[in-house]
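Copied from Swiss-Prot, the annotated features are:
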- Arg25, Glu87, Arg126, Lys457: (6S)-5-formyl-5,6,7,8-tetrahydrofolate binding site (BINDING)
- Asn233, Thr252, Ile254, Thr257: K(+) binding site (BINDING)
- 233-238, 252-258, 277-280: GTP binding site (BINDING)
- Ser237, Thr258: Mg(2+) binding site (BINDING)
- 223-377: domain 'TrmE-type G' (DOMAIN)
Amino acid sequence: MITREFDTIAAISTPLGEGAIGIVRLSGTDSFAIAQKIFKGKDLNKVASHTLNYGHIIDPLTGKVMDEVMVGAMKSPKTFTREDIIEINTHGGIAVTNEILQLAIREGARLAEPGEFTKRAFLNGRVDLTQAEAVMDIIRAKTDKAMNIAVKQLDGSLSDLINNIRQEILNTLAQVEVNIDYPEYDDVEEATTAVVREKTMEFEQLLTKLLRTARRGKILREGISTAIIGRPNVGKSSLLNNLLREDKAIVTDIAGTTRDVIEEYVNINGVPLKLIDTAGIRETDDIVEQIGVERSKKALKEADLVLLVLNASEPLTAQDRQLLEISQDTNRIILLNKTDLPETIETSKLPEDVIRISVLKNQNIDKIEERINNLFFENAGLVEQDATYLSNARHISLIEKAVESLQAVNQGLELGMPVDLLQVDLTRTWEILGEITGDAAPDELITQLFSQFCLGK
């Protein structure tokens, strides 16, 4: 296991650049001693914990005043890392925060690795692995709903569910041990078999129910992957720009001007819509455009939602019919663009629920948002306030494996296998669930997860 004997680390916890405040954070047993060497003000070793203290940062070698600061002094164990923490609040700016950080390092601190503060919180038992991952999700959340899921996970909703199941599995394993220790008692074996069957079915149902939230959780966390498709020059890029309320894609009358896949985010009902403006799908001899077309086809296959744009002022072409065919099994909304011009498209060959729009005149764009809302939110019941959602790919994969192990136990019971032979699968389920919370996670995984954090967190 990773050692719990830590040195004192330091890092800048605010974004680099100009700002009102910059924060240099220290964590470890020597935090107060290091800060006291460079801080002129109250004796930090004597101040009350969790207080802000006015003073100046001074280079002890030269006597140079670096900045006027407020120093937050927080004593263990009631801190984020459960170690002594010092937070030096400086005036924002690259130079001053860097110089103060270098002073702290010179006086005995070590530059923190990415995510090392949160890693220490995990290793010191302040948070488990799901809660540590929730910290990153809060930082990366693009909407309030994504943030709410992350906050709920940070609060321990997923941890509590997993830990309760693990405890129940341990209780069940204890009963199996009784069967192994006292095989001469047939009534004990029958009781144990009945308990194991009942409990494993209960565990499987709970985890399967949790897995059903994965699609909704992924949407709330990552957004609805939305491919805007159509033959060249039907208004795909104009639609993207309209939804974004800014010009991101090149808009011209020349077919093939979008040569690659453009991705941008827009909020619909508090959920991120990841808009993908694809290159027009058509046959072309242009090598660069061909690459864009292939990427467009890939985006179409992977999209949660497809916006198919057709030109209402022109008859359906072979390319239009091809797009209608290849997208018919997707979650699709058909948009008839350029309705400000005389309509010549054959609507009898289209589904009835098309939306007529004019991107140029900004007509009926709101109806697209209404349709998306109906597809994903109102009809699907996307958000339940008190529900626990799976949104992390690592969690989903592990719970799928846990369900498979439980199914193996249930199948063995159906075949009449003795419960003691099924102990291995039940124990494996307990171990897999422990990987989710970090109780049984390998050191390499922990290191890899925390390396994804930013410096200072």
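Every residue gets a Cβ built from N, Cα and C, even glycine.
Sequence features annotated in Swiss-Prot and their locations in the structure.
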| residue | record | Cβ within 10 Å |
| --- | --- | --- |
| Arg25 | (6S)-5-formyl-5,6,7,8-tetrahydrofolate binding site | 25 |
| Glu87 | (6S)-5-formyl-5,6,7,8-tetrahydrofolate binding site | 19 |
| Arg126 | (6S)-5-formyl-5,6,7,8-tetrahydrofolate binding site | 18 |
| Asn233 | K(+) binding site | 19 |
| Lys236 | GTP binding site | 30 |
| Ser237 | Mg(2+) binding site | 25 |
(request) Compare the Cα of Glu87 ((6S)-5-formyl-5,6,7,8-tetrahydrofolate binding site) against each of the binding-site residues Asn233, Lys236, Ser237 and report the nearest. (result) Ser237
(message) Just to verify a number: CA distance, Lys236 (GTP binding site) to Arg126 ((6S)-5-formyl-5,6,7,8-tetrahydrofolate binding site), in angstrom, no decimals.
(response) 49
(message) Tell me the Cα distance separating Ser237 (Mg(2+) binding site) from Arg126 ((6S)-5-formyl-5,6,7,8-tetrahydrofolate binding site), rounded to the nearest angstrom.
(response) 48
(request) According to DSSP, folded down to helix, strand and coil, what is Glu87 ((6S)-5-formyl-5,6,7,8-tetrahydrofolate binding site)? (result) strand
